[in-house]
Amino acid sequence: MYGRIYFMKTRNTSKYDVDGIPPLKESIPLALQHLLAMIVGNMVPAILIANVVGLNQGQATMLIQGSMLAAGLATFLQLYPIPLFKGFKLGSRLPVMMGMSYVFLGACLSVAAKDGLAALFGAQIAAGVIVFFVGFGVKKIRHIFTPIVSGTIIACMGLGLFATAIKNLAGGEGTQTFGSPINFTVGVIVAFVIIMINKYGKGLVKNSSILIGILVGYAISLVLGLVDFSAVQGAAIVSLPTPAAFGLEFRPELIVMFTIIYIIGIADMMGACTIATVGAMDREVTDEELASVVLGNSITSIISSLFAALPTGVFSQNTVIVSMNKVTSRFVIALGALVLLLAGISPALGAIMTTIPSCVVGGATLVVFSSIAMSGFSIMSMDGFTEENNLIAGVSIATSMGLTTAPQVLDQFPETIGTVLGGSSIVSGAIIAILLQTLFKLKSRKSAENVTSNLEENIG
(Lines of atoms letter the chains of each structure in order from A and count residues from 1; the text may use other names and numbers.)
(Lines give C-alpha, C1' and ligand atoms only; values in the text may rest on other atoms or scores of the structure.)
Protein backbone atom coordinates (compact mmCIF):
# COMPACT_ATOMS: atom_id res chain seq x y z
CA MET A 1 0.00 0.00 0.00
CA TYR A 2 1.48 3.26 -1.09
CA GLY A 3 1.09 6.62 0.61
CA ARG A 4 -0.37 7.39 3.97
CA ILE A 5 -3.88 7.76 5.19
CA TYR A 6 -4.42 10.49 7.78
CA PHE A 7 -7.37 10.22 10.06
CA MET A 8 -8.80 13.52 11.15
CA LYS A 9 -11.17 13.82 14.05
CA THR A 10 -14.32 15.58 12.94
CA ARG A 11 -14.93 18.74 14.91
CA ASN A 12 -18.05 18.63 17.07
CA THR A 13 -20.08 21.68 16.06
CA SER A 14 -23.33 20.68 17.76
CA LYS A 15 -24.82 23.33 20.00
CA TYR A 16 -26.82 20.59 21.70
CA ASP A 17 -23.70 18.87 23.08
CA VAL A 18 -21.78 20.11 26.14
CA ASP A 19 -18.53 19.58 24.21
CA GLY A 20 -19.84 21.09 20.99
CA ILE A 21 -18.24 24.22 19.52
CA PRO A 22 -20.79 25.77 17.16
CA PRO A 23 -19.71 28.33 14.53
CA LEU A 24 -19.43 31.88 15.84
CA LYS A 25 -22.40 33.00 13.73
CA GLU A 26 -24.52 30.65 15.88
CA SER A 27 -22.61 30.96 19.14
CA ILE A 28 -22.49 34.74 19.47
CA PRO A 29 -26.28 35.36 19.37
CA LEU A 30 -26.84 32.50 21.83
CA ALA A 31 -24.11 33.83 24.14
CA LEU A 32 -25.61 37.32 23.91
CA GLN A 33 -28.95 35.91 25.03
CA HIS A 34 -27.33 34.51 28.19
CA LEU A 35 -25.40 37.71 28.82
CA LEU A 36 -28.40 40.01 28.50
CA ALA A 37 -30.44 37.76 30.78
CA MET A 38 -28.01 38.06 33.70
CA ILE A 39 -25.66 41.03 33.43
CA VAL A 40 -27.99 43.53 35.08
CA GLY A 41 -28.95 41.11 37.83
CA ASN A 42 -25.27 40.47 38.43
CA MET A 43 -24.42 44.11 39.09
CA VAL A 44 -27.55 45.08 41.07
CA PRO A 45 -26.33 43.63 44.42
CA ALA A 46 -23.18 45.75 44.21
CA ILE A 47 -25.26 48.89 43.60
CA LEU A 48 -27.60 48.07 46.50
CA ILE A 49 -24.71 47.46 48.90
CA ALA A 50 -22.99 50.66 47.79
CA ASN A 51 -26.21 52.58 48.43
CA VAL A 52 -26.85 51.12 51.88
CA VAL A 53 -23.26 51.77 53.02
CA GLY A 54 -23.09 55.20 51.42
CA LEU A 55 -20.06 54.56 49.22
CA ASN A 56 -18.90 57.16 46.74
CA GLN A 57 -19.09 56.34 43.04
CA GLY A 58 -15.43 55.36 42.85
CA GLN A 59 -15.87 52.80 45.62
CA ALA A 60 -19.13 51.56 44.12
CA THR A 61 -17.28 51.03 40.84
CA MET A 62 -14.91 48.64 42.64
CA LEU A 63 -17.87 46.54 43.85
CA ILE A 64 -19.37 46.34 40.36
CA GLN A 65 -15.99 45.52 38.82
CA GLY A 66 -15.45 42.71 41.34
CA SER A 67 -18.93 41.32 40.67
CA MET A 68 -18.30 41.05 36.94
CA LEU A 69 -14.85 39.52 37.35
CA ALA A 70 -16.06 36.95 39.89
CA ALA A 71 -19.05 35.95 37.76
CA GLY A 72 -16.81 35.36 34.76
CA LEU A 73 -14.29 33.30 36.74
CA ALA A 74 -17.03 31.27 38.44
CA THR A 75 -18.71 30.48 35.13
CA PHE A 76 -15.46 29.33 33.52
CA LEU A 77 -14.66 27.07 36.49
CA GLN A 78 -18.08 25.41 36.31
CA LEU A 79 -17.80 24.94 32.54
CA TYR A 80 -14.20 23.68 32.54
CA PRO A 81 -13.60 22.10 35.96
CA ILE A 82 -10.34 21.21 37.71
CA PRO A 83 -10.16 17.53 38.78
CA LEU A 84 -9.45 16.77 42.43
CA PHE A 85 -9.69 13.12 43.54
CA LYS A 86 -12.18 10.22 43.69
CA GLY A 87 -14.39 11.85 41.08
CA PHE A 88 -14.60 15.21 42.87
CA LYS A 89 -13.93 18.33 40.82
CA LEU A 90 -13.85 22.08 41.21
CA GLY A 91 -16.73 22.68 38.82
CA SER A 92 -19.37 20.46 37.28
CA ARG A 93 -19.14 20.67 33.43
CA LEU A 94 -22.82 21.63 33.47
CA PRO A 95 -23.99 24.39 31.08
CA VAL A 96 -24.62 27.01 33.76
CA MET A 97 -24.00 30.73 34.07
CA MET A 98 -22.76 31.96 37.44
CA GLY A 99 -23.27 35.31 39.10
CA MET A 100 -23.85 37.07 42.40
CA SER A 101 -26.10 34.89 44.56
CA TYR A 102 -29.29 36.58 45.76
CA VAL A 103 -29.49 34.01 48.57
CA PHE A 104 -26.93 36.17 50.39
CA LEU A 105 -28.25 39.60 49.45
CA GLY A 106 -30.49 40.28 52.46
CA ALA A 107 -27.79 39.26 54.94
CA CYS A 108 -25.13 41.20 53.04
CA LEU A 109 -27.19 44.39 53.08
CA SER A 110 -27.86 44.00 56.81
CA VAL A 111 -24.24 43.25 57.73
CA ALA A 112 -22.81 45.93 55.44
CA ALA A 113 -25.05 48.61 56.98
CA LYS A 114 -24.49 47.52 60.59
CA ASP A 115 -20.96 46.08 60.72
CA GLY A 116 -19.19 47.42 57.62
CA LEU A 117 -17.68 45.91 54.50
CA ALA A 118 -14.56 44.49 56.17
CA ALA A 119 -16.71 42.34 58.48
CA LEU A 120 -18.95 41.34 55.57
CA PHE A 121 -16.21 40.15 53.24
CA GLY A 122 -14.24 38.50 56.05
CA ALA A 123 -17.27 36.44 57.07
CA GLN A 124 -17.96 35.45 53.46
CA ILE A 125 -14.39 34.20 53.01
CA ALA A 126 -14.22 32.24 56.29
CA ALA A 127 -17.63 30.64 55.71
CA GLY A 128 -16.64 29.79 52.14
CA VAL A 129 -13.64 27.83 53.43
CA ILE A 130 -15.87 25.88 55.85
CA VAL A 131 -18.48 25.07 53.21
CA PHE A 132 -15.79 23.87 50.80
CA PHE A 133 -15.38 20.83 53.06
CA VAL A 134 -19.16 20.46 53.34
CA GLY A 135 -19.18 20.00 49.57
CA PHE A 136 -17.54 16.59 49.85
CA GLY A 137 -20.53 15.29 51.82
CA VAL A 138 -23.30 17.22 50.11
CA LYS A 139 -25.14 14.06 49.02
CA LYS A 140 -25.80 13.29 52.69
CA ILE A 141 -27.79 16.51 53.18
CA ARG A 142 -29.43 16.67 49.75
CA HIS A 143 -32.59 14.91 50.99
CA ILE A 144 -33.25 17.73 53.46
CA PHE A 145 -34.06 20.21 50.70
CA THR A 146 -37.47 18.94 49.63
CA PRO A 147 -39.69 21.21 47.49
CA ILE A 148 -41.55 22.49 50.56
CA VAL A 149 -38.31 23.43 52.36
CA SER A 150 -36.56 24.82 49.27
CA GLY A 151 -39.66 26.75 48.22
CA THR A 152 -40.09 28.22 51.70
CA ILE A 153 -36.45 29.35 51.75
CA ILE A 154 -36.73 31.02 48.33
CA ALA A 155 -40.03 32.69 49.29
CA CYS A 156 -38.41 34.06 52.47
CA MET A 157 -35.51 35.34 50.38
CA GLY A 158 -37.76 37.27 48.00
CA LEU A 159 -40.12 38.60 50.66
CA GLY A 160 -37.21 39.78 52.79
CA LEU A 161 -35.94 41.97 49.94
CA PHE A 162 -39.19 43.83 49.25
CA ALA A 163 -38.32 46.70 51.61
CA THR A 164 -34.96 47.17 49.86
CA ALA A 165 -36.67 47.45 46.47
CA ILE A 166 -39.23 49.99 47.71
CA LYS A 167 -36.60 52.14 49.46
CA ASN A 168 -34.55 52.29 46.28
CA LEU A 169 -37.63 52.98 44.18
CA ALA A 170 -38.22 55.97 46.45
CA GLY A 171 -34.75 57.27 45.65
CA GLY A 172 -32.52 55.53 48.17
CA GLU A 173 -32.79 55.87 51.94
CA GLY A 174 -30.84 58.83 53.30
CA THR A 175 -30.82 60.85 50.07
CA GLN A 176 -32.27 64.35 49.87
CA THR A 177 -34.88 63.30 47.31
CA PHE A 178 -36.01 60.17 49.18
CA GLY A 179 -39.73 59.65 48.67
CA SER A 180 -40.16 62.30 45.97
CA PRO A 181 -42.97 61.77 43.42
CA ILE A 182 -40.42 61.95 40.59
CA ASN A 183 -38.51 58.96 41.95
CA PHE A 184 -41.71 56.96 42.36
CA THR A 185 -42.83 57.86 38.83
CA VAL A 186 -39.56 56.78 37.21
CA GLY A 187 -39.40 53.58 39.28
CA VAL A 188 -42.98 52.61 38.48
CA ILE A 189 -42.39 53.20 34.75
CA VAL A 190 -39.36 50.89 34.88
CA ALA A 191 -41.38 48.18 36.64
CA PHE A 192 -44.26 48.60 34.17
CA VAL A 193 -41.97 48.26 31.14
CA ILE A 194 -40.40 45.08 32.54
CA ILE A 195 -43.81 43.59 33.33
CA MET A 196 -45.19 44.35 29.87
CA ILE A 197 -42.15 42.88 28.11
CA ASN A 198 -42.38 39.75 30.25
CA LYS A 199 -46.05 39.48 29.34
CA TYR A 200 -45.90 40.15 25.62
CA GLY A 201 -42.22 39.82 24.62
CA LYS A 202 -40.65 36.70 23.16
CA GLY A 203 -37.18 35.21 22.83
CA LEU A 204 -34.27 37.61 23.17
CA VAL A 205 -36.55 40.59 23.89
CA LYS A 206 -38.24 38.81 26.80
CA ASN A 207 -34.92 37.62 28.23
CA SER A 208 -33.68 41.22 28.09
CA SER A 209 -36.73 42.68 29.86
CA ILE A 210 -34.80 43.93 32.90
CA LEU A 211 -32.08 45.51 30.77
CA ILE A 212 -34.67 47.21 28.53
CA GLY A 213 -36.62 48.47 31.54
CA ILE A 214 -33.47 49.96 33.06
CA LEU A 215 -32.50 51.59 29.74
CA VAL A 216 -35.95 53.20 29.49
CA GLY A 217 -35.71 54.43 33.08
CA TYR A 218 -32.17 55.67 32.48
CA ALA A 219 -33.26 57.65 29.41
CA ILE A 220 -36.07 59.29 31.41
CA SER A 221 -33.63 60.04 34.23
CA LEU A 222 -31.26 61.75 31.79
CA VAL A 223 -34.06 64.05 30.63
CA LEU A 224 -35.01 64.83 34.24
CA GLY A 225 -31.40 65.52 35.26
CA LEU A 226 -31.18 62.63 37.73
CA VAL A 227 -27.91 61.19 36.36
CA ASP A 228 -24.51 62.18 37.78
CA PHE A 229 -21.57 61.50 35.43
CA SER A 230 -18.82 62.75 37.76
CA ALA A 231 -17.53 59.22 38.48
CA VAL A 232 -17.03 58.44 34.80
CA GLN A 233 -14.58 61.29 34.27
CA GLY A 234 -11.05 60.00 34.73
CA ALA A 235 -12.07 56.36 35.19
CA ALA A 236 -9.44 54.01 33.75
CA ILE A 237 -10.35 51.95 30.70
CA VAL A 238 -8.42 48.91 31.94
CA SER A 239 -7.32 48.18 35.50
CA LEU A 240 -7.34 45.09 37.69
CA PRO A 241 -9.40 45.36 40.91
CA THR A 242 -7.48 45.47 44.19
CA PRO A 243 -7.94 42.43 46.49
CA ALA A 244 -9.29 43.16 49.99
CA ALA A 245 -9.60 46.85 49.14
CA PHE A 246 -12.04 47.44 52.04
CA GLY A 247 -10.12 45.31 54.53
CA LEU A 248 -11.06 42.01 56.15
CA GLU A 249 -12.48 41.39 59.61
CA PHE A 250 -13.41 37.97 60.96
CA ARG A 251 -16.27 37.93 63.48
CA PRO A 252 -17.43 34.52 64.76
CA GLU A 253 -21.17 35.29 64.85
CA LEU A 254 -21.12 36.53 61.25
CA ILE A 255 -19.11 33.52 60.11
CA VAL A 256 -21.71 31.21 61.68
CA MET A 257 -24.54 33.07 59.93
CA PHE A 258 -22.87 32.98 56.52
CA THR A 259 -21.95 29.31 56.89
CA ILE A 260 -25.63 28.53 57.38
CA ILE A 261 -26.55 30.67 54.37
CA TYR A 262 -23.94 28.94 52.20
CA ILE A 263 -25.50 25.57 53.11
CA ILE A 264 -28.97 26.94 52.39
CA GLY A 265 -27.63 28.18 49.06
CA ILE A 266 -26.95 24.57 48.07
CA ALA A 267 -30.72 24.13 47.73
CA ASP A 268 -30.91 27.12 45.38
CA MET A 269 -28.06 25.82 43.21
CA MET A 270 -29.51 22.31 43.19
CA GLY A 271 -32.83 23.69 41.92
CA ALA A 272 -31.19 25.86 39.26
CA CYS A 273 -29.00 23.02 37.95
CA THR A 274 -31.98 20.66 37.91
CA ILE A 275 -33.82 23.06 35.59
CA ALA A 276 -30.99 22.70 33.06
CA THR A 277 -30.44 18.95 33.35
CA VAL A 278 -34.12 17.98 33.35
CA GLY A 279 -35.08 20.43 30.61
CA ALA A 280 -32.13 19.90 28.27
CA MET A 281 -30.64 16.51 29.22
CA ASP A 282 -33.71 14.58 30.44
CA ARG A 283 -32.11 13.64 33.76
CA GLU A 284 -31.64 14.79 37.34
CA VAL A 285 -28.45 16.37 38.68
CA THR A 286 -26.17 13.62 39.99
CA ASP A 287 -24.67 13.66 43.50
CA GLU A 288 -21.21 14.00 41.95
CA GLU A 289 -22.27 17.01 39.87
CA LEU A 290 -23.91 18.71 42.83
CA ALA A 291 -20.82 18.14 44.97
CA SER A 292 -18.62 19.55 42.19
CA VAL A 293 -20.89 22.59 41.82
CA VAL A 294 -20.59 23.29 45.56
CA LEU A 295 -16.82 22.72 45.67
CA GLY A 296 -16.17 24.98 42.71
CA ASN A 297 -18.61 27.60 43.93
CA SER A 298 -16.96 27.69 47.37
CA ILE A 299 -13.62 28.56 45.79
CA THR A 300 -15.05 31.22 43.49
CA SER A 301 -17.09 32.67 46.37
CA ILE A 302 -13.86 33.13 48.34
CA ILE A 303 -12.25 34.83 45.34
CA SER A 304 -15.40 36.90 44.82
CA SER A 305 -15.29 38.10 48.43
CA LEU A 306 -11.62 39.07 48.08
CA PHE A 307 -12.65 41.34 45.21
CA ALA A 308 -15.48 43.01 47.18
CA ALA A 309 -18.43 41.07 45.77
CA LEU A 310 -21.12 38.71 47.00
CA PRO A 311 -20.62 34.93 46.98
CA THR A 312 -21.38 33.37 43.62
CA GLY A 313 -24.24 31.06 42.66
CA VAL A 314 -25.98 29.51 39.65
CA PHE A 315 -28.23 31.98 37.83
CA SER A 316 -31.59 30.26 37.38
CA GLN A 317 -32.74 32.56 34.56
CA ASN A 318 -29.90 31.23 32.44
CA THR A 319 -30.67 27.60 33.25
CA VAL A 320 -34.24 28.33 32.15
CA ILE A 321 -32.85 29.48 28.79
CA VAL A 322 -30.87 26.22 28.52
CA SER A 323 -33.94 24.16 29.35
CA MET A 324 -36.01 25.98 26.73
CA ASN A 325 -33.63 26.08 23.75
CA LYS A 326 -31.79 22.82 24.68
CA VAL A 327 -28.45 24.46 23.82
CA THR A 328 -25.97 22.85 26.21
CA SER A 329 -22.71 23.85 24.50
CA ARG A 330 -20.26 25.07 27.13
CA PHE A 331 -18.50 27.10 24.46
CA VAL A 332 -21.60 29.25 23.96
CA ILE A 333 -21.84 30.12 27.65
CA ALA A 334 -18.07 30.64 27.85
CA LEU A 335 -18.34 33.44 25.28
CA GLY A 336 -20.73 35.25 27.61
CA ALA A 337 -18.39 34.62 30.55
CA LEU A 338 -15.52 36.13 28.56
CA VAL A 339 -17.45 39.40 28.27
CA LEU A 340 -17.95 39.37 32.05
CA LEU A 341 -14.20 38.95 32.58
CA LEU A 342 -13.47 41.88 30.28
CA ALA A 343 -16.04 44.00 32.13
CA GLY A 344 -14.32 43.01 35.38
CA ILE A 345 -11.07 44.65 34.35
CA SER A 346 -12.70 47.87 33.10
CA PRO A 347 -13.36 50.49 35.80
CA ALA A 348 -14.86 52.76 33.13
CA LEU A 349 -17.70 50.32 32.52
CA GLY A 350 -18.27 49.95 36.25
CA ALA A 351 -18.31 53.73 36.64
CA ILE A 352 -21.03 54.02 34.00
CA MET A 353 -23.12 51.47 35.92
CA THR A 354 -22.89 53.58 39.10
CA THR A 355 -24.67 56.44 37.34
CA ILE A 356 -27.94 54.48 37.23
CA PRO A 357 -30.29 56.29 39.66
CA SER A 358 -31.58 54.37 42.69
CA CYS A 359 -35.20 54.80 41.58
CA VAL A 360 -34.42 52.95 38.34
CA VAL A 361 -32.72 50.12 40.25
CA GLY A 362 -35.67 50.03 42.65
CA GLY A 363 -38.22 49.66 39.87
CA ALA A 364 -36.27 46.78 38.35
CA THR A 365 -35.62 44.97 41.64
CA LEU A 366 -39.27 45.27 42.66
CA VAL A 367 -40.12 42.94 39.77
CA VAL A 368 -37.08 40.71 40.30
CA PHE A 369 -37.66 40.20 44.02
CA SER A 370 -41.38 39.55 43.53
CA SER A 371 -40.50 36.93 40.91
CA ILE A 372 -38.11 35.27 43.37
CA ALA A 373 -40.81 35.13 46.05
CA MET A 374 -43.43 33.72 43.71
CA SER A 375 -41.03 31.10 42.35
CA GLY A 376 -40.68 29.94 45.94
CA PHE A 377 -44.43 29.38 46.18
CA SER A 378 -44.38 27.56 42.83
CA ILE A 379 -41.70 25.19 44.13
CA MET A 380 -43.75 24.58 47.31
CA SER A 381 -46.72 23.52 45.19
CA MET A 382 -44.68 20.60 43.85
CA ASP A 383 -45.12 18.93 47.26
CA GLY A 384 -48.79 19.94 47.45
CA PHE A 385 -50.32 22.29 50.00
CA THR A 386 -51.27 19.68 52.57
CA GLU A 387 -52.07 20.61 56.16
CA GLU A 388 -48.54 19.73 57.26
CA ASN A 389 -46.89 21.59 54.38
CA ASN A 390 -49.04 24.66 55.03
CA LEU A 391 -47.85 24.65 58.63
CA ILE A 392 -44.21 24.26 57.58
CA ALA A 393 -44.37 27.11 55.08
CA GLY A 394 -46.67 29.40 57.06
CA VAL A 395 -44.86 29.25 60.40
CA SER A 396 -41.43 29.47 58.75
CA ILE A 397 -42.32 32.51 56.64
CA ALA A 398 -44.08 34.22 59.56
CA THR A 399 -41.03 33.71 61.80
CA SER A 400 -38.67 34.89 59.07
CA MET A 401 -40.60 38.06 58.27
CA GLY A 402 -41.26 38.79 61.95
CA LEU A 403 -37.60 38.62 62.95
CA THR A 404 -36.50 40.53 59.85
CA THR A 405 -38.87 43.45 60.47
CA ALA A 406 -38.40 43.47 64.26
CA PRO A 407 -34.84 42.23 64.96
CA GLN A 408 -34.81 44.12 68.27
CA VAL A 409 -36.86 41.33 69.87
CA LEU A 410 -33.60 39.34 70.00
CA ASP A 411 -31.65 42.02 71.87
CA GLN A 412 -31.80 40.06 75.15
CA PHE A 413 -30.25 36.98 73.53
CA PRO A 414 -26.50 36.38 73.07
CA GLU A 415 -25.11 38.42 70.19
CA THR A 416 -24.41 35.36 68.06
CA ILE A 417 -28.04 34.19 68.23
CA GLY A 418 -29.36 37.67 67.52
CA THR A 419 -27.06 38.10 64.54
CA VAL A 420 -27.67 34.65 63.06
CA LEU A 421 -31.47 34.69 63.38
CA GLY A 422 -32.13 38.39 62.86
CA GLY A 423 -29.49 39.22 60.28
CA SER A 424 -31.03 37.35 57.37
CA SER A 425 -34.59 36.66 56.25
CA ILE A 426 -33.76 33.11 55.18
CA VAL A 427 -31.81 31.68 58.13
CA SER A 428 -34.64 31.60 60.66
CA GLY A 429 -37.13 30.51 57.99
CA ALA A 430 -34.86 27.69 56.84
CA ILE A 431 -34.20 26.44 60.37
CA ILE A 432 -37.91 26.36 61.26
CA ALA A 433 -38.83 24.68 57.95
CA ILE A 434 -36.21 21.95 58.37
CA LEU A 435 -37.12 21.34 62.03
CA LEU A 436 -40.86 21.09 61.29
CA GLN A 437 -40.27 18.82 58.30
CA THR A 438 -38.12 16.52 60.45
CA LEU A 439 -40.72 16.54 63.24
CA PHE A 440 -43.58 15.65 60.88
CA LYS A 441 -41.54 12.89 59.22
CA LEU A 442 -40.71 11.37 62.62
CA LYS A 443 -44.39 11.55 63.56
CA SER A 444 -45.42 9.86 60.29
CA ARG A 445 -42.77 7.18 60.76
CA LYS A 446 -43.93 6.51 64.33
CA SER A 447 -47.56 6.30 63.19
CA ALA A 448 -46.58 3.82 60.47
CA GLU A 449 -44.69 1.73 63.02
CA ASN A 450 -47.71 1.70 65.34
CA VAL A 451 -49.99 0.57 62.51
CA THR A 452 -47.57 -2.22 61.60
CA SER A 453 -47.31 -3.30 65.24
CA ASN A 454 -51.11 -3.41 65.64
CA LEU A 455 -51.47 -5.47 62.46
CA GLU A 456 -48.88 -7.95 63.68
CA GLU A 457 -50.67 -8.28 67.04
CA ASN A 458 -54.04 -8.83 65.35
CA ILE A 459 -52.59 -11.42 63.00
CA GLY A 460 -50.84 -13.15 65.88
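A Cβ is built for glycine as well, from the same backbone N, Cα and C atoms used for every other residue.
The structure displayed is predicted, hence computed values, not measured ones.
Per TrEMBL, the features are as follows:
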type     : residues : note
TRANSMEM : 35-56    : transmembrane segment
TRANSMEM : 62-82    : transmembrane segment
TRANSMEM : 94-113   : transmembrane segment
TRANSMEM : 119-138  : transmembrane segment
TRANSMEM : 145-166  : transmembrane segment
TRANSMEM : 178-197  : transmembrane segment
TRANSMEM : 204-224  : transmembrane segment
TRANSMEM : 255-278  : transmembrane segment
TRANSMEM : 290-310  : transmembrane segment
TRANSMEM : 331-354  : transmembrane segment
TRANSMEM : 360-379  : transmembrane segment
TRANSMEM : 416-436  : transmembrane segment
I'd like to know if the transmembrane segment (416-436) touches the transmembrane segment (35-56) in this structure, counting it as a touch only when three or more C-beta pairs sit under 8 Å and are separated by 6 or more positions.
no
Determine which recorded stretch among 178-197, 290-310, 416-436 has the most C-beta pairs below 8 angstroms with the transmembrane segment (119-138).
290-310
Counting CB pairs under 8 Å, which listed stretch among 62-82, 204-224, 416-436 touches the transmembrane segment (360-379) the most?
204-224
Which bits of the chain, at least 6 residues beyond where the transmembrane segment (204-224) starts or stops, bring a Cβ under 8 A of a Cβ in it?
29, 32-33, 36-37, 39-41, 182, 186-187, 189-191, 193-194, 197-198, 317, 321, 356-357, 359-361, 363-364, 367-368
Looking at the stretches 255-278, 290-310, 416-436, which one shares the most CB pairs under 8 Å with the transmembrane segment (145-166)?
416-436
Ranking 94-113, 255-278, 290-310 by Cβ pairs under 8 Å to the transmembrane segment (62-82), which is first?
290-310
Could you tell me whether the transmembrane segment (290-310) and the transmembrane segment (255-278) have 3+ CB pairs under 8 A, leaving out pairs under 6 positions apart?
yes
Can you see whether the transmembrane segment (290-310) and the transmembrane segment (416-436) are touching - at least 3 CB pairs under 8 angstroms, only pairs 6 or more apart in sequence?
no
Same-chain residues near the transmembrane segment (178-197), Cβ under 8 Å, at least 6 residues beyond its ends:
167-172, 205-206, 208-210, 212-214, 216-217, 220-221, 224, 226, 357-360, 362-364, 366-367
